[in-house]
Amino acid sequence: MSSERPEPRLKTPFIPPRKRRQLTERLVLATAVAWAIGGRLGSSYGPSLGLENPDILQGTGIVGIVVAGTIAGAAVGVLQMFSLWGYVQPWAWAIATTVGWAISAAIAGIWGTGIPSLQWVEWGTGASLLWPIFWTPAAFVALGIAQTVALRRSATGVWGWLAVPSLGMLAVTVLRLLLFSLGWGTRATGGAIAHFILELASGATFGLVQAIALFPCTRETVAPPASAKTALQIDDPEILAELSAQLQRQLEGAFGEGEGLVYAAIVVRDGQLHSYQPINGAAHDLGESTPLARFGIISLAGEGVEVPHARLQILVSPSGEVRVRSWTP
């Protein structure tokens with residue numbers, strides 16, 4: 001029986017607090033634009049696929065529903081992928097959204113509710129209000145399952161996401177029913193511009209619900225090894241100058257202009273940079289998107305492969321210049 005203790009785990013916010021507003025704006029904008037594009041494409045291709053057949057189980061109606069849902073899912077998935085870049089595995093999210101949306105659209109169509117977020121099924125007039133308010137969000141549990149599988153690759157505490165697309169669709173359904181009741185966005189009274197605005201508002205609402213739901217999610221990482229806390233310092237100016245020049249060459253142009261960054265760094269016996277840990281708020285917010293990670297330097301929260309030899313600080317000025325100095329806790 002092994003006597004090794006399990007490595008301690010650290011939980012950090014999946015979306016750093018200082019990045020939440022920016023993430024929300026990006027996700028809302030991406031989803032709104034994707035929704036409008038998907039709605040336009042669905043309106044163009046749906047009728048030719050039999051989408052307007054009152055009984056979608058007859059003829060090619062179900063095919064139209066699936067194709068329209070795939071178009072919408074692909075549009076939303078790809079644009080959300082770019083807005084969530086650095087937080088989720090990009091193509092896993094795009095594929096999960098495409099497949100999940102297509103399945104959800106098919107379920108909603110079979111139940112006869114349609115998708116109120118896209119004007120592919122004109123259910124807004126004469127339909128029972130309780131029917132689409134309940135069944136359309138329920139159908140989007142399929143999207144919740146698909147996106148949860150993708151999200152679990154990057155975050156923890158994500159099981160609540162199973163219900164997030166349904167909650168988002170519920171908000172969209174209520175919004176559209178309210179606007180339809182006021183005569184906004186219908187084919188008879190809204191016109192193309194009003195309908196386009198309606199689609200943007202629907203997508204923005206759905207994206208806002210998703211963005212807020214990301215805030216409770218966390219990342220789980222390995223705690224820093226004890227050896228990192230007791231590593232020696234480097235005080236030799238010549239060594240510091242050489243390390244600074246080496247890093248400057250390696251990271252030339254990698255850091256853009258912006259807020260200054262401060263990292264604690266560990267150097268191994270051969271003088272190479274082994275690992276890093278963000279120190280100031282700007283470095284924490286950058287997270288794993290830092291160029292240090294892209295150059296193969298691991299986070300101090302990751303598993304070490306060698307005993308650290310010494311520690312120092314890496315400072316990136318607002319102009320992007322990289323400097324190395326002795327460790328100052």
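Quick reminder: no glycine exception, Cβ is built from N, Cα and C everywhere.
From a predicted model like this one, the values you see are computed outputs, not experimental measurements.
Noted in TrEMBL for the protein shown:
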TRANSMEM  27-45  transmembrane segment
TRANSMEM  57-79  transmembrane segment
TRANSMEM  91-111  transmembrane segment
TRANSMEM  131-151  transmembrane segment
TRANSMEM  158-180  transmembrane segment
TRANSMEM  192-215  transmembrane segment
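Same-chain residues lying 6+ beyond the ends of the transmembrane segment (131-151) with a Cβ under 8 Å from its Cβ atoms: 73, 88-89, 92-93, 95-97, 99-101, 103-105, 107-108, 111-116, 123, 158-159, 161-170, 173-174, 177, 217.
Packing against the transmembrane segment (91-111) from elsewhere in the chain are residues 56-57, 61-62, 65-66, 68-70, 72-74, 76-78, 80-81, 84, 121, 135-136, 139-147, 149-151, 153, 165: each is 6 or more residues past its ends and has a CB under 8 Å from a CB in it.
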